[in-house]
Amino acid sequence: MLSRRGHRLSRFRKNKRRLRERLRQRIFFRDKVVPEAMEKPRVLVLTGAGISAESGIRTFRAADGLWEEHRVEDVATPEGFDRDPELVQAFYNARRRQLQQPEIQPNAAHLALAKLQDALGDRFLLVTQNIDNLHERAGNTNVIHMHGELLKVRCSQSGQVLDWTGDVTPEDKCHCCQFPAPLRPHVVWFGEMPLGMDEIYMALSMADIFIAIGTSGHVYPAAGFVHEAKLHGAHTVELNLEPSQVGNEFAEKYYGPASQVVPEFVEKLLKGL
């Protein structure tokens with residue numbers, strides 16, 4: 001008879017096998033039938049605010065970052081939303097409008113990652129901490145937004161997610177529930193669990209190459225991804241404006257503007273395929 005610990009271990013192994021199979025049936029890291037495709041590496045890319053800064057999206061932690069106008073507690077926590085939902089909605093409405101300005105466009109780094117996905121197909125996964133849609137506009141489709149998406153809202157009661165490009169007003173409600181509920185930004189706030197973590201950790205365990213771009217290394221769990229990838233044998237690469245807080249964890253490092261170092265590295269990688 002299995003002990004309680006044995007039952008837990010058995011259940012964990014079954015869940016892990018089930019999740020691995022589900023991932024293989026999804027959009028990334030699925031083995032191909034064609035022999036040539038089997039030789040291509042599985043590449044997992046993590047992007048942070050640094051990749052979008054050159055497109056005009058202001059970063060959180062730079063000297064001129066958004067947090068200077070508002071306290072984090074006021075605009076990026078569930079408690080802040082409960083205290084003053086109109087302030088929080090106004091904050092994200094302004095960011096949503098900025099994202100849709102014609103001058104905000106994907107830069108060369110975004111385009112290079114779309115090119116890399118074109119070459120690797122479902123052996124490529126992009127995990128982003130950014131809530132903008134510049135990766136999708138550049139052409140990437142295998143994307144997990146672990147911190148949510150600015151152009152979406154969700155019902156504060158049921159969690160149903162809706163596409164949303166305009167401002168959110170106090171009168172806007174979700175009608176999916178018996179009683180219309182307020183909408184909130186589809187953004188992961190401080191103290192909330194990032195999205196897609198099961199898929200991300202499984203992908204980290206399967207990756208041959210892990211690349212971090214434009215990340216500070218301050219925010220967990222993303223800052224720990226390089227260590228997780230290394231544990232499973234992945235080659236690790238940092239492409240950043242300057243060394244991140246976890247830069248010493250990476251085997252290969254290139255520093256400079258994302259629009260310069262990312263295309264250069266992608267070309268180097270593609271030549272080796």
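The backbone N, Cα and C atoms fix where each Cβ goes, glycine too.
Per Swiss-Prot, these features apply:
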type	residues	note
DOMAIN	20-272	domain 'Deacetylase sirtuin-type'
BINDING	48-67, 129-132, 214-216, 240-242, Ala258	NAD(+) binding site
BINDING	Tyr92, Arg95	substrate binding site
ACT_SITE	His147	active site, proton acceptor
BINDING	Cys155, Cys174	Zn(2+) binding site
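The local packing around Gly56 (NAD(+) binding site), expressed as other Cβ atoms within 10 Å of its Cβ over all shown chains, amounts to 14. His147 (active site, proton acceptor) sits 5 Å from Gln129 (NAD(+) binding site), taking the Cα positions as reference. In this structure, the CA atom of Ser52 (NAD(+) binding site) is 13 Å away from the CA atom of Arg95 (substrate binding site). Taking the binding-site residues Ser52, Gln129 in turn and counting surrounding C-beta atoms within 10 angstroms, the largest count is reached at Ser52. If you take the Cα of Leu241 (NAD(+) binding site) and the Cα of Tyr92 (substrate binding site), they are about 27 angstrom apart, rounded to a whole number. There are 19 other Cβ atoms within 10 Å of the Cβ belonging to Arg95 (substrate binding site). Closest to Arg95 (substrate binding site) in space, going by CA atoms and restricting to the binding-site residues Gly56, Gln129, Cys155, Cys174, Gly214, is Gly56. Spatially close to Cys155 (Zn(2+) binding site) yet at least six residues away along the chain are Leu162, Cys174, Cys176, Cys177, Ala181, Leu183, judged by Cβ distances under 8 angstroms. The Cβ neighbour count for Cys174 (Zn(2+) binding site), using a 10 Å radius over every protein chain in view, is 20. Here the CA atom of Tyr92 (substrate binding site) lies 22 Å from the CA atom of Gly214 (NAD(+) binding site).
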